Amino acid sequence: MDIDFNEYKLRCELHGHDDDVRGICVCSDDNIATSSRDRTIRVWSLDPSDKRKYTSSKILLGHTSFVGPLAWIPPTDDYPEGRLVSGSMDTFLFVWNLINGENIQTLKGHQMQVTGVAIDKEDIVSSSVDQTLKRWRNGQLVESWEAHKSPVQAVIKLPSGQLVSGSSDASLKLWKGKTSLQTLSGHTDTVRGLAVMPDLGFLSASHDGSIRLWALSGEVLLEMVGHTSLVYSVDAHSSGLIVSGSEDRHAKIWKDGVCVQSLEHPGCVWDAKFMESGDIVTACSDGVVRVWTVRHDAIADQMEIDAYDSQISQYKLSRKKVGGLKLDELPGLDSLTSPGTSDGQTKVVREGDNGVAYAWNMKEQRWDKIGEVVDGPDGVADRPIHEGVQYDFVFDVDIGDGEPIRKLPYNRSDNPYDAADKWLLKENLPFAYRQQIVEFILQNSGQKDFNFNPSFRDPFTGANAYVPGQASHTAATPAKPLYKHIPKKGVLVFDVAQYDGILKKMTEFNTTLRSDSVNNDKSLTELEVSRVGAIVNILKDTSHYHSTNFADMDIALLLKVLQAWPPAMMFPATDIVRMLVLHPHGASLLIKHVENNNDLLLDLIKKVTEDSALPANLLTTVRVLVNLFKNSSFHYWLQTHHSQILDAFSNCYSSPNKNLQLAYSTLLLNYAVLLIEKKDQEGQAQVLSAALQVAEEEAADVDSKFRSLVAIGSLMLEGLVKKIAIDFDVESIAKSAKASKEAKIAEVGADIDLVIRQ
C-alpha cells in the first residue's frame, strides 16, 4: 500500500530523570513537561542556542511516589505561563505555577493512585484506581462518583463537552456530568489510554494490544493492531496521524489505520504525544525523553543518530539469551584455547550474535563443535530471578514512609492471598496491608478475573481479608489460567482501501469494455461511472457513516458489474463492496439482495472460484466475507452457508499470495468467534479442521499461522471441539508453535498447550 508519509527521525534526547519517564504534557512547541517514577516533574524549554534541542528549565518537587498523568491549564492574567496539574501514586493531585514552579494547590480525596487528569473549562477532572472520577473547582472537590466497578485508568474531555473514561474492566464510558450516556465494549483487556481524534471521535489504547477509533455514537471506526504487547498510550494530531506507546518498546505511528512507522526504544514506551508542529515526544523506561521529527532542519546530527542506533543494538544484544545465559556475558572463541577437564565437557561461547556449544574430546584433545544454542519461546529465559529462584513476576513495592523499595516475587500459579501472607511475614509488615497487597498483585499480574472470597473478615481492615489461624478457602482453588492470545473476542475486518487506485482500475476496465464490440453493452455509462465515484466519496467519509445513505440504485449498479463484467475485470467492484458492508446503511441495503431467492453473494462466490480462479478475485471476495461478520444482520447467512463458503476457498491456505493466506486465516478466525457464540459444534469442527491445515502448512505466512492458531485455541477453550482437536493431534501443533522463533506464535502455542492440559 502506498501511503504519503514522511519518516520520523530522532531530533533530540532529554536527559535528567533518574528513573522511568511515565507521562508527557506538551504545553507548547517551546515547553514540555514530563513526569517520572523518580517522583519529580521536569519542565523542558527550547534551547535558544540550538532550536533542535530542549534544556531542563524547572524541576517540580513534592510528590512522595511516582508521578504519572499531567495536564496543562492555558495561561491567564494571574498565570501567564499557565499551570500544570500532576497526579501521583501518592493519591494526590498538585497544581503548579509554571512561572516559578511552586505548588499552589494540593487536591486530596482519592484513596488510591491517580491515573488520569483532564481539564474541563475551569475544572479539573481526575480518575483513579479507587474506581472513581472526581471533579475539582478552585482547589475544592465538588463532585465524586463511582465510574466503573474496576480501576479507572484514564479520562479525557471531548470537544463536545462530554467525558470519556477507560477502565480495567475493558470498557469505556461516555459521560455528561455524572450521568453515564453509554458503555462501550470491544476491548478484551484494560483500557489504559485515551485521546481525542480531531473531527472524528476519540481513541483508546488497551492492554489487549490494540488501538481503537470510536465515533461519538459509540461505533468503532477503526481497530489498529500491530503492537506485540500492552499498549499504554495513544495520541492524535490534526493531520490525522496517530501515535501509540507500548510495552513492546515501540512507539508506532498510524495513518488511516495502517502502521506506517515504528520507533524502536531501549525500553518500554510509557507515553507518546504529538506537538502542534507534528513532532512526537516519547517517554521511555530508560529515563530518557526523546523528540522525533520529520523536518529535515530539525533532525539530530548523524553522530547522535548513529549513537542511538548503537544504543538500540547494544540493548537488544544485552537482552538476547542462549541457553538461559546472556549472550554478551559468554566467553569468546579464544576461551577454546584452554583444554577441557573431562571427556564430554561442554562450553558455550559467543560467535558473532550467536551462542555455540562445544564439547571437549579427550582422546583428540580438542573442542568439537556441537551446534548453535537457542532458547525456547521469548520470555521463558527472561523470567526474573529473586534470591536465586525464577518467578513470573518480581514486583517493586513502595510502601512509602521513607521505607526502601521491597521485592515481591510471584508466580501466576500462586494463590495471591498466600503470596501476600508469606511476603508480609518475611518483610515483618502488618497484616493490615494484606488486602492492598493482594489487589496490587492481581492488578499488576493481569489476574483481574480472580474471585475474592467474600466470607473472609480481617480484624484490621474488616473485609475480604486474613483471619489468623484460619485456612484460606481460596488457597484450595487454583488461580484461573492466564492466556495471552485466547479466547478471541470480537471480529477482525479489512477496513483500509486504496480508493483512488480502485476507481482508476475500474475506469480503465470500463474503457476497455467500451472499445470491445463483444462486451460493449456491459460497460458503464458516464452517469454510472460518476455514480461509482459518489459511492466511493461516501465510503471515504467515515466520520459521517452514521448520517450518510446510499440509494438502491447504488447497490444495483455494483451488483450489475459483479454479474456482467468478465472475471478478470470484476475485482475493483468487489473491493468497493468490501468497504460498503462496513457502512451501516450500505450493509442494510445489501442484505436485501442476499436474503431473497436470488442470492447474489453465493453467485459471486461461485463465479470467482471457478476453474481459472484469479488471485485478485479470491482475495477481494474473501475480504468481503470477512467484513460481513462486522454486521450482525449477516450472521445468520454466514452460519447457514459456512460449509459452502469454507469448501469454496479451502485451497487458499496454500496460495503463494501472502495477502490471500492472511484473508483466509482471518475468515477462519471470524468464523470461530461467530460459531462459538452460536454454539454450533458442526460448524466449529469444520473451522477447526481448516485452521489446523493452515497451522501445519510450513510455507504459511507468520500472521496467517498466528490467526489460525488463535482460532484453534479459542475453539478449544470456549467452543465444543476440544476433544476433536486433541484427536487431530493438536498437541504436536502446539509443541511446534512453542518452539517458534516468532514470539507471538510461541505464545499462542503455549496458550493451546495450557488448554490441552486443563
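Our numbering is plain: 1 for the first residue shown, then up by one each step along the chain.
Yeah, the Cβs are placed from backbone N, Cα and C, and that goes for glycine too.
Across all of the repeat 'WD' (14-54), the predicted model scores a mean pLDDT of 93. The repeat 'WD' annotation in TrEMBL covers 14-54 (among others).
The repeat 'WD' feature in TrEMBL is assigned to 60-106 (among others).
The repeat 'WD' feature in TrEMBL is assigned to 107-136 (among others).
Packing against the repeat 'WD' (145-185) from elsewhere in the chain are residues 112, 115-120, 125-133, 191-196, 202, 204, 206, 208, 214, 216, 218, 443, 448: each is 6 or more residues past its ends and has a CB under 8 Å from a CB in it. What TrEMBL records for 145-185 (among others) is repeat 'WD'.
According to TrEMBL, the repeat 'WD' annotation covers 184-214 (among others).
When the repeat 'WD' (224-255) is classified with DSSP, helix, strand and coil residues number 0 helix, 19 strand, 13 coil. Residues or ranges marked as repeat 'WD' in TrEMBL: 224-255 (among others).
As annotated by TrEMBL, domain 'PFU' applies to 359-455.
Residues annotated as domain 'PUL' in TrEMBL: 484-755.
When Cβ-Cβ distances below 8 Å are used as the criterion, the repeat 'WD' (224-255) is approached by residues 3, 5, 8, 189, 192-198, 203-207, 209-213, 261-274, 278, 280, 282-283, 292, 492, 743-744 of the same chain, each at least six residues removed from its ends. Here the repeat 'WD' (14-54) has Cβ contacts under 8 Å with residues 60-61, 63-72, 81-82, 84, 86, 88, 96, 98, 101, 267-268, 270-277, 279, 281-291, 298-300 of the same chain, all six or more residues outside its ends. The repeat 'WD' (60-106): residue composition by secondary structure is 0 helix, 24 strand, 23 coil, according to DSSP.
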